[in-house]
Amino acid sequence: MGTAKVTTPLVFAITIATIGSFQFGYNTGVINAPEAIIKDFLNNTLREKSKSMPSEVLLTSLWSLSVAIFSVGGMIGSFSVGLFVNRFGRRNSMLIVNLLAITGGCLMGFCKISRSVEMLILGRLVIGLFCGLCTGFVPMYIGEISPTALRGAFGTLNQLGIVIGILVAQIFGLKLILGTELLWPLLLGFTIIPAVLQCAALPFCPESPRFLLINRKEEERAKEILQRLWGTQDVAQDIQEMKDESLRMAQEKKVTVLELFRAPNYRQPIIISIMLQLSQQLSGINAVFYYSTGIFKDAGVQEPIYATIGAGVVNTIFTVVSLFLVERAGRRTLHLIGLGGMAFCSLLMTISLLLKDNHTWMSFICIGAILVFVAFFEIGPGPIPWFIVAELFGQGPRPAAMAVAGCSNWTSNFLVGLLFPSAAFYLGAYVFIVFTCFLVVFWVFTFFKVPETRGRTFEEITRAFEVQVPAGSRAEKGPIVEMSSIPPSKDAV
């Protein structure tokens, strides 16, 4: 196997793909800053149409719907990943669904001038559909075009795109920029620009060579793309691995979502995938950002929004740190470190929140705990769940697995957003004890059940899971080895 290099075509393709990740992050964070302004828009529009003052309950319900409908769209979109990637390919799927981003951006951008609450809500739903699809497309594409030795580092770029998107949304949402009564439609409609940029650039990116060889049987084209992307002529071993997987796929029946749970050789990796996604959303990261503005204010920070943006900067910096660590320390190790550090910080936040009224210096302890909590999140639970799912499955079950994992992430995100305000109201600072318990459970699960995938090919990882499956239950028989016994590929050394 030739030594793969970081080439310009590879960096270009991954950068263009992560525009989809940026879109997800941007549209997640963009709705928060102009909350009061959008509520005024809802109030004025409803009053004009009904000729009467809308109730506070109706306004709150419409605002909540505007926020939550994004996650509903994400759930539907993420579950539809397989419908696109198997038919159109990875690259073409990313290209096609930008129509949703442009449509959603137009609906939101023109809702004010049209005096239409319905356009705002529909736009959020459509952009949610788009982002849900992107959470499947982007990690899958990056994982399939990256050399084995760099797959984790490049996979982390998906999360980097997300956190940069959130940070840009926070900055653009400032009153000095687009967070004003006049310009907030531009803030929401900005999502059109990255969509158009990605549409213009994607035709210059290659299709996934794994898709071309395994799904389309285009071996020569796949070989040519691999050589160009990896900067080496010696890709014979990688091509052979894909051909072996293609033969393996031909011997198995088509993998559906139900088959992932029924087939013994898929059951363990899909459970791991779901648990890793839950470890991200149930870690308490959204709760920390929910509390952060108030905590910064209590600590005497004059403009808490800038401190929250500072937390977003920490978010971004430690995602970059994770990028350099993931191929050295490994996925499993970083995930364990992240979960353990977050559990400690969560406990520290509970104590400091309970004592800050009696001891003002405790507010600064809490701020420190928040920033370190965010740092630990981006070392492990932030980036790793997104790309490790693509590593745990072969070409056949991968689209269905990405759909299930993505849907579980979006669903848990939706439920946390729905239930957290009530939990915070009744439990106060003790709400972080709940997240601490979740973090401990996920740490134990990761320690005992999650394998290390660093430096291993897709074929090696897939084979390793079959060791626990009785021979008669496997979809296909063949040589099997323990996950712990697989040596990393030479590229990874």
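Keep in mind that glycine also has a Cβ here, set from the backbone N, Cα and C atoms.
What Swiss-Prot annotates here:
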- 1-10: topological domain 'Cytoplasmic' (TOPO_DOM)
- 11-32: transmembrane segment (TRANSMEM)
- 33-64: topological domain 'Extracellular' (TOPO_DOM)
- N43: N-linked glycosylation site (CARBOHYD)
- 65-85: transmembrane segment (TRANSMEM)
- 86-90: topological domain 'Cytoplasmic' (TOPO_DOM)
- 91-111: transmembrane segment (TRANSMEM)
- 112-118: topological domain 'Extracellular' (TOPO_DOM)
- 119-142: transmembrane segment (TRANSMEM)
- 143-153: topological domain 'Cytoplasmic' (TOPO_DOM)
- 154-174: transmembrane segment (TRANSMEM)
- Q159, Q280, Q281, N286, N315, E378, W386: D-glucose binding site (BINDING)
- 175-183: topological domain 'Extracellular' (TOPO_DOM)
- 184-204: transmembrane segment (TRANSMEM)
- 205-269: topological domain 'Cytoplasmic' (TOPO_DOM)
- T232: phosphothreonine (MOD_RES)
- 270-290: transmembrane segment (TRANSMEM)
- 291-304: topological domain 'Extracellular' (TOPO_DOM)
- 305-325: transmembrane segment (TRANSMEM)
- 326-331: topological domain 'Cytoplasmic' (TOPO_DOM)
- 332-352: transmembrane segment (TRANSMEM)
- 353-363: topological domain 'Extracellular' (TOPO_DOM)
- N358: N-linked glycosylation site (CARBOHYD)
- 364-389: transmembrane segment (TRANSMEM)
- 390-399: topological domain 'Cytoplasmic' (TOPO_DOM)
- 400-420: transmembrane segment (TRANSMEM)
- 421-429: topological domain 'Extracellular' (TOPO_DOM)
- 430-450: transmembrane segment (TRANSMEM)
- 451-493: topological domain 'Cytoplasmic' (TOPO_DOM)
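The transmembrane segment (305-325) makes no contact with the transmembrane segment (11-32), as judged by fewer than three Cβ pairs under 8 Å among residues 6 or more apart in sequence.
The least crowded of the recorded positions Q159, T232, Q280, N315, judged by other CB atoms within 10 A of its own CB, is T232.
Contact between the transmembrane segment (400-420) and the transmembrane segment (91-111) does not hold: fewer than three of their C-beta pairs are under 8 Å, each pair 6 or more apart in sequence.
Non-local neighbours of the topological domain 'Extracellular' (112-118) in the same chain are 41-42, 45-46, 48-49, 62, 184-185; each lies 6+ residues outside the stretch with a CB under 8 Å from one of its CB atoms.
Close to N43 (N-linked glycosylation site) in the fold, though at least 6 residues off in sequence, lie M53, P54, L59, each with a CB less than 8 Å from its CB. The Cβ of W386 (D-glucose binding site) lies under 8 Å from the Cβ of T135, P139, G155, N158, Q159, each of these being in the same chain and 6 or more residues away along the sequence. Of all Cβ atoms in the protein chains displayed, 25 besides its own lie within 10 Å of the Cβ of E378 (D-glucose binding site). Most Cβ pairs under 8 Å with the transmembrane segment (11-32) belong to 154-174, among the candidate stretches 119-142, 154-174, 332-352, 364-389. N358 (N-linked glycosylation site) and N315 (D-glucose binding site) have their C-alpha atoms 30 Å apart, to the nearest angstrom. When other Cβ atoms within 10 Å of the Cβ of N286 (D-glucose binding site) are tallied across all protein chains shown, the result is 16. Beyond the transmembrane segment (91-111), the same-chain residues lying 6 or more positions past its ends with a Cβ under 8 Å from any Cβ of the stretch are 17, 20, 23, 84-85, 117, 119-120, 122-130, 133-134, 137-138, 141, 185-186, 188-192, 194-196, 198-199, 202-203, 205-208. Counting other C-beta atoms within 10 Å of each candidate's C-beta, the recorded positions Q281, N358 are led by Q281. On a Cα basis, the residue listed as 'phosphothreonine' lies 32 Å away from E378 (D-glucose binding site).
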